[in-house]
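Read the structure below first, then the notes.
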Amino acid sequence: MENSASSEQNQNHCSAINNSVPLIQGTLPTLTLSGKIRVTVTFFLFLLSTTFNASFLWKLQKWTQKKEKGKKFSRMKVLLKHLTLANLLETLIVMPLDGMWNITVQWYAGELLCKIFSYLKLFSMYAPAFMMVVISLDRTLAITRPLPVQSSRKLEQFMTGLAWVLSSVFAGPQLYIFKVIHLENGSGQKEVFSQCVTHCSFPQWWHQAFYNFFTFSCLFIIPLLIMLICNAKIIFTLTQVLHQDPHKLQLNQSKNNIPRARLRTLEMTVAFATSFIVCWTPYYVLGIWYWFDPGMLNRVSDPVNHFFFLFAFLNPCFDPLIYGYFSL
């Protein structure tokens, strides 16, 4: 009986929201000073990330088309190309959307674009995370279990294709759960506020909690664990090599350059993992805190919230510098 009553109350509340509910005008959100700073920094990072990733993607494309005698296009450069494309997609979708949405405060683009942009935003966040997982797995396999060129190329194509497909599929629910709600002034005669939200899209509260946890796990926890495991495996393998022959890593001019490649792979994958952890952890810590304690928004100042959120935007800016340094 209690569950039935609770469900009925929830339906009535959601029905009131969908049919526009009264709102006191003084409570409408506005663009604050800290919000203006966030917008400025967001568009600065947008220009920075677009320049870095577009430039590196152009270089990778030139390397792809370049046909030098006796030189094959490396599998790693193919993976870097996919990661750069994913980072560029995230930059072109998430950053301008966040910047413009903070300027307008409310949503003016209608229901259809609310769903489409919500889908594209999550899709473009999944793609870089999954591509980093692919690179970590590929580098680990290349070091611990080297495969013939043809087999490794097929595996690389399968993993990158799967990363794009999973990004597309996992972002699919956004098309259903996001919608525009309208809030009106006290007289009910004039619409004063519209927002693109997930409010009342889930029958029960735990449905939304499960969806949030699933998204959080796929975007952060699972990629992080895979990268840590891969790094540990690489370190273990390199340690074994050093114990067998401590001088091997000094043979830079030797035809057998596997030890040096292993060392550079270790450095690059550690740099990837470090960038991922440093840039995304503050963002997701705030998210987890909010899930368990929604009242934290009243205890954490807006500048702190904005600062931690902007930290995540540094990841696509750092990635071109990291893989550019270690792969050229």
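Please read every residue number as a count from 1 along the shown chain.
Every residue gets a Cβ built from N, Cα and C, even glycine.
Taken from TrEMBL, the feature domain 'G-protein coupled receptors family 1 profile' applies to 52-323.
The transmembrane segment annotation in TrEMBL covers 37-58 (among others).
The feature transmembrane segment is assigned by TrEMBL to 78-97 (among others).
As annotated by TrEMBL, transmembrane segment applies to 117-137 (among others). With a cut-off of 8 Å between Cβ atoms, the residues of this chain six or more beyond the transmembrane segment (117-137) that come close are 76, 79-80, 82-83, 86-87, 89-90, 92-94, 97, 109, 156, 159-160, 163-164, 166-168, 170-172, 174-175, 178, 196, 215, 218-220, 222-223, 226-227, 230-231, 269, 272-273, 276, 315-316, 319.
Annotated transmembrane segment per TrEMBL: 158-178 (among others), in sequence order.
Under the heading transmembrane segment, TrEMBL lists 209-230 (among others). Listed as Cβ neighbours of the transmembrane segment (209-230) (distance under 8 Å, sequence separation of 6 or more from its ends, same chain) are residues 122, 125-126, 129-130, 132-133, 136-137, 139-140, 170, 173, 177, 202, 269, 272-273, 276-277, 280, 284, 287-288, 291.
The feature transmembrane segment is assigned by TrEMBL to 270-292 (among others).
The transmembrane segment feature in TrEMBL is assigned to 304-326 (among others).
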